[in-house]
Amino acid sequence: MKRFEDASWRESMRIRFDYNNMMSDMIGEEYGISKEQILALQPKIKAAIEALKEKRKAGKTEWRDLPYTQADVVKDILATAEAIKNRFESFVVLGIGGSALGPIAVHQALNHLHYNELPREKRNGCPRFYVVDNIDPERMRALFDIIDVKSTAFNVITKSGSTSETMAQFLIVRDMLKEAVGDEYREHIIATTDAEKGNLIRIAREEGFKTFYIPAGVGGRFSELSPVGLLPAAVCGIDIEELLAGAAYMDELCSKDDVFENPAYMAAVLQYIAMKQGKNISVMMPYADSLKYMADWYAQLWAESLGKKFDVEGREVYVGQTPVKALGVTDQHSQIQLYTEGPFDKVITFIKVENFRSQVDIPKGYEDMPAVSFLGGHTLGQLLHAEQMATEYALYKAKRMNRTIILPEVNAFTVGQLLYLLEVETAFAGELLNINAFDQPGVEEGKNATYALMGRPGYEEKKAELEGRPKKREEYII
């Protein structure tokens, strides 16, 4: 029996959501949220719950069902991952946005923090792992300085197949592979894309690439529990079955209609009220290096889902909350000054890990220097926990809204829970705001302008529009 199949183990690994320091009876009536405010929102909350249920029933939120629908594809992914492990020295993801941020976050969370520097045997025979999530030519060239394309597998991830950045990367890689290995280049490329539509599926079928499909109703920022994230994770030795089991467990917790028992709904309700009170910045601050890139993944999820000009009725609303990433304890020495004494415009979300996977003792020394010697006899984990508690207390004392997501430890099960919790929180916040949390119209203008500037056929009018814009004035360039 796998450990996640044991009910008592699952319960011991349950993520908890502590929102004490969001509430008015903790930080003051003027600064916090009261139970009465939450209760007054019950009609809106109930409507949002029903709306999400209807969308799920109608198949409009397929990402909600990924913990259950990926069983068959998991077998294929595991077999493919084993084949990659046996043949290749490096595995490179070509993608951007959700196609990159999710794989990076999960890899950082669940593998050694210096994974690529470990000898292969300490990586359990898995290949080195890279994600190329930008098109900076220096970075692209730097990658080819450290990998041998002859012993590298590339996973091209784009649902539409028209993502300029990813397809440019693909063209470069394909050309290099053809030069290096000839017709065998096809064996080095795996496509993750839509099953029916788009350029990449057409290319993959014509050229014979191994292909995994992104479910039709799953958008990029909600796709980590699909082949987008599962294949890279499996290639790096992560237990993807446990990851999905964690998400399924959180789905159970997030299926309760009582907002006071549902962590995702409560998290969203508190953020919604906070936004109405002028808290337009959401800071995520993990106190664990392994979870550092969860803040990057969450930033896209929160910003792209909730930053909207129009509500679902087409009215201008200009809603959203700006996500900011921080890392405990590092950013205590760069950002906390602002959070404790700056404007009252933020909600800080801590992520706390109760039990670290490593223990490092602090040795005793310099007994004649009390300001140094007091550290001896403790562990780095104890110091980290103390600093998180101290920062939380400082914010509480300064009457600043903050909340804490508590992980018993970092493992595939708890990371699966965390991903799912934050996705449901985001979707529910979208319902409360009465906006479409699953589109990104504000991104399209920039994409279309890029197509025009790069000469894509069909975008001649957009190019003319760009060329007709007011010229920049030299007097405003210093």
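Cβ atoms are placed via backbone N, Cα and C, with glycine included.
Over in TrEMBL, the protein carries these features:
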type	residues	note
ACT_SITE	Glu304	active site, proton donor
ACT_SITE	His333	active site
ACT_SITE	Lys447	active site
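With a 10 A radius on its CB, His333 (active site) counts 8 other CB atoms from all the protein chains. The residue listed as 'active site, proton donor': 23 other CB atoms within 10 A of its CB, across all protein chains. Sequence-distant contacts of Lys447 (active site), defined by Cβ-Cβ distance under 8 angstroms and a gap of at least six in the same chain, are Ser164. Put simply, Glu304 (active site, proton donor) is 29 Å from His333 (active site) when counted between their Cα atoms.
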